[in-house]
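Read the structure below first, then the notes.
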Amino acid sequence: METRGSSSDSVASSGTSLSEEDVKEEQTRKGGALSGLKSGWKKLGLDIPTVLLMMKGGLAPTIAVSIYQTEAISSEYTTVGYLVAIISILGFAIMPRAKFIQMLVLDILFVCLAAAVALLMIYSSVKARDHTSSNSSSVYNSSASAVCGVWLFFQIYVVHSYRAKYPQFQFPVVMYSIFASVSTSFGTEITTMAAGVVFVTKVLKAFLLGLALSAAVSFIVLPNTTRKVVFGQMAGYIGGLRAALKTQAVYFESLEQNDMFGRAETYDETVEKIGKKGKVWSPEAAAVRAAVRNITDLHGKLHGDLTFAKREVAYGRLGPDDLQNTFRHLRRVMIPVLGLSFVVDVFQRLSDINLWNSPAYEGPVQRRTGEMREQAVHEWNAIMRSVHEPFDAVIRLIDEGLQHISYAMTFAKPPKKPAPGNGSSAEADNPDIEASAVSTAPGDPGFAAYFEEKLEEFKEAKLIALRTWCEDRGFRIPADFFDHPSSVSPESFTSTSWFSDGSRSSLFLFLYMEQLLYSTGQVVLDFVRFADDRAASGKLSKKHLIIPGSKRLKKWVRSTFLVEDSHEDDNIGDVHTQSNILQLGEAYRHRKDPEHLPPVTRFQRIGDKIRFIPAFLRSPESAYGFRVACATMTIAIVALLHDTQAFFIKQRLLWAMIMVVLSMSPTSGQSLFSFVLRVLGTTIAMVCSLLVWYIPDEKTPGVIIFLFIFVSIGFYIPIKMFRFRVIGMISIVTTTMIIGYELQVRKIGEQVATSNGQPYYPIYLLAPYRLAAVTGGVAVGFIWTFFPYPISEHSVLRQSLGASLYLLANYYSIIHETVAARMRGDEGDMTLKSSAGRKLEKARNKVFSKQMLMLNGLRTYSGFLKWEVPIGGRFPKKQYDSIILSVENIANYLSLVGYASDTLMRLGNDDENSNSAWVNDFKKLIAHANVTSHQITSLLCLLSASITNRQPLPPYLKTPKPYAFTKRLQELDKDILNLSHIAEPGFAAFAVLQISTRCIVGDMERLLRDVKTLVGELDFSFHAVSTADAYSSRNTSVSGAGPLHPSERDKLD
């Protein structure tokens, strides 16, 4: 027995060992699956706030369906009860409070207006019926139907033209259109005015109840204020700045060993690596560009949301002025951080100028040898190694400063400090000296003084690097040279090596990096002081009631009915739509009439007012309203004819009309991709409705619960994927419509449900019918988007790109005036809002934020074009992306120009160590230099007009030559840029100005070349054959001659 037992134990033990191995393998497999699940979950962005917001979105329609199960509600609303749930969805309770209140007021206003016009339409219809029909019992009357059709066309045309003119009325106009469609569909059958009043009243109550449920959910359930959104964006802004600085530190470290003139390694060292998205950058450079792109995108969003946050009544800490000042400090930090990221771009430009990344070829132009590239790489490796410690220290210091700001402004919670008195008596007798430095940690009162002290120490780093740079070029300077530069005669630094382009460019680029790092530290120090001042004032320690002033509230009311910028929350959204509709000023929209002089007499003024009517009728807004009206009437005509009126009611074609309104947008073009997505969304909604109905075994409580789950899941698309918002809304509305109708019939009975002429269908028949009706409406909207002429997604992108170029011209003009005012000393007191400098700053910030929003939309828009099926030739996406990149670069470099000019004008005011005589002479010379040129403004306007209107460019158009700062200043004073002054702070600021202006001109050349490729160029030269044939023959001859140098290709072009 023992032997048998021992053998069994051994078998068991061996079995156990095998099972343990199997368990380990199983755990490893599960761990991999779990990590993949976590990665997928992270990509979806389903954090707790997002899930709660999704549930909040699904709550209003669920409540609407639930309360309909009570006798009081069902007896009141009977056959229109499901409309309550639909309107509660369109109320969009997930919007922040300030935006929701504005939208709610406009929704109520438009719904009440729609009810009034519906009563007028029914009155006209009843009167037409009375005057043309002798048989009062007849339901159909052609005159009544014609009157209703005319009223419907007129209403849809007017409100949608208004919608295109005023983007903030997107949702209210949709509400109005649904009300008008419902009242018209059933208004043709109303024979008495009393019945019409009862019907309109019932529909009006259903709409108002749906809006009331949406308002209750918005205000009570997880209330979300715009201020909370703004605070989250500000915290993300600071986090983005910190991330950008960390990636910049990694990039600087890579410059100590790597080749900074190439993007990514390839098999052939002379050829750049090209990917699907263009040229491939090194991992460090790509991380820098991605981090900065995130900051600029967030900057534009924060600018738009800040307007509503300042108008909001709240119980909090910071008031509207504090929010504005915080945003101003964030922007001041952003500009030098952006400038630091351009080091990647500058190295690439140096490589392009020297043709270091171009394929080898035999040509007449001599190129730089590989030894010169290796020498430049070696020099930069040595420079970056010499400044590794100070650069890394100042970046960590700035990061700590931003962390301190987050703690002081309550954007983040500081770490808990150890409680005093917990240490032993021995520790109390022998205090740790290093522990006393804890008071200078981020979040502590002594941090600002510590930050300022460490920032001054960074100045020594520049002297170390400059000494290294001089010694590498054979300049032996005394130990006390930077303290007493006058001890060495200027003639000692007249070596030709200093005046060579390579030496000067490397010095300027290093001073560019050092100046922007130091400037970043300075603006962060100002931000730290501001945050400490807010904390010392007590505003951040306790909450109080914040009520915006009467002036701000009046401005809010006035702006509601003016043409202003719209933002994502104002739009229904689409795959190919401009999510942020930006107003570019009166000069962009209103043109001077070349056929009429300004009116002088009263009769001329009256005639001028009359001319507004044809001007409106031929406007793009009128064209859009006419398209929507025609698309709506394409379906509504079925309800207006005798033979098809019953078919319209029975088959519920009303919802096809409503889908026309939902699917057509003023800023979206026709797109086969978006049409397929809408049909797919409707199909998914049909499947979801069947699941919602049959999973709980058709039990009403279970159906309501599953409806809440599916609608909440559906709100993921409007929340996380704005471009697909309209698709998500169609899916949510369709699911709610099907389930709401079925529960409505179950509550009021089939007899009452069919009293309006619509037969009852079980859900397995109703769902496909709804799918067919919704798909038909989406198809009609799709057809009328490109008939009689197409509004393609490509034309929308082109017009948006033209608008972006116009914004860039506006921004350049403002920068030009800002620099000129600073040179003249006309800025005035910047603390006064009425000063010229303050007004220019406000305009500059506003246009820059608009440009960032526009560029973000253009990049997203361009990214979706890869899903389109082209008809004809391919879309020139490469040229469009290149133009977008050039516009972004020019806008960012212009910000640096404004920033550097401000630094130059402030020299000598607060810097005790600077050479005051040199600073004063330098400021006088810079004041006479043309930092900016009106020629670039004119060229940008011309490019914008050519892109927008598809007009060829005039011949022989050239970009302005870069302003030769160095040459002009040396002509005025040959010693002003002598090497003995390289330690002056003005010299570094001048380097930033020099590099920025040269890069702007380089991007202008690329911009002109790309626009010329798209729109062409007028050709007045004489040709024996057609220009097209000559061009093709010229290309043929060129292609047969072998590869050409880029400059030779430019000459041919």
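Quick reminder: no glycine exception, Cβ is built from N, Cα and C everywhere.
All annotation found in TrEMBL is predicted automatically rather than curated by experts.
Quick look at what TrEMBL lists:
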- 1-18: compositional bias 'Low complexity' (COMPBIAS)
- 41-133: domain 'Putative ER transporter 6TM N-terminal' (DOMAIN)
- 139-469: domain 'Putative ER transporter 6TM N-terminal' (DOMAIN)
- 637-784: domain 'Integral membrane bound transporter' (DOMAIN)
- 788-1017: domain 'DUF2421' (DOMAIN)
- 1-33: region 'Disordered' (REGION)
- 1033-1053: region 'Disordered' (REGION)
- 80-96: transmembrane segment (TRANSMEM)
- 103-123: transmembrane segment (TRANSMEM)
- 143-162: transmembrane segment (TRANSMEM)
- 174-200: transmembrane segment (TRANSMEM)
- 206-224: transmembrane segment (TRANSMEM)
- 624-641: transmembrane segment (TRANSMEM)
- 653-669: transmembrane segment (TRANSMEM)
- 675-695: transmembrane segment (TRANSMEM)
- 702-719: transmembrane segment (TRANSMEM)
- 725-743: transmembrane segment (TRANSMEM)
- 763-784: transmembrane segment (TRANSMEM)
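Counting only same-chain residues 6+ beyond the ends of the transmembrane segment (763-784), those with a CB under 8 A from a CB of the stretch are 627-628, 630-631, 634-635, 651-653, 655-660, 663-664, 670, 675, 678-679, 682-683, 685-686, 689-690, 693, 730, 734, 737-738, 741-742. Beyond its flanks by at least six residues, the transmembrane segment (624-641) meets 145-146, 148-149, 152-153, 156-164, 177, 181, 184-185, 188, 647-649, 653, 656-657, 660-661, 664, 666, 776-777, 780-781, 783-785 of its own chain at Cβ-Cβ distances under 8 Å. Long-range neighbours of the transmembrane segment (702-719) within the same chain, counting only residues 6 or more positions beyond its ends whose Cβ lies under 8 Å from a Cβ of the stretch, are 44, 46, 50, 53-55, 57-59, 61-62, 65-66, 89, 94, 573, 688, 691-693, 695-696, 725, 727-729, 731-732, 735-736, 739, 743. In the domain 'Integral membrane bound transporter' (637-784), the DSSP tally of helix, strand and coil residues is 116 helix, 2 strand, 30 coil. Counted with DSSP, the domain 'Putative ER transporter 6TM N-terminal' (41-133) comes out as 79 helix, 0 strand, 14 coil. Summed and averaged per residue, pLDDT over the domain 'Putative ER transporter 6TM N-terminal' (139-469) gives 82.
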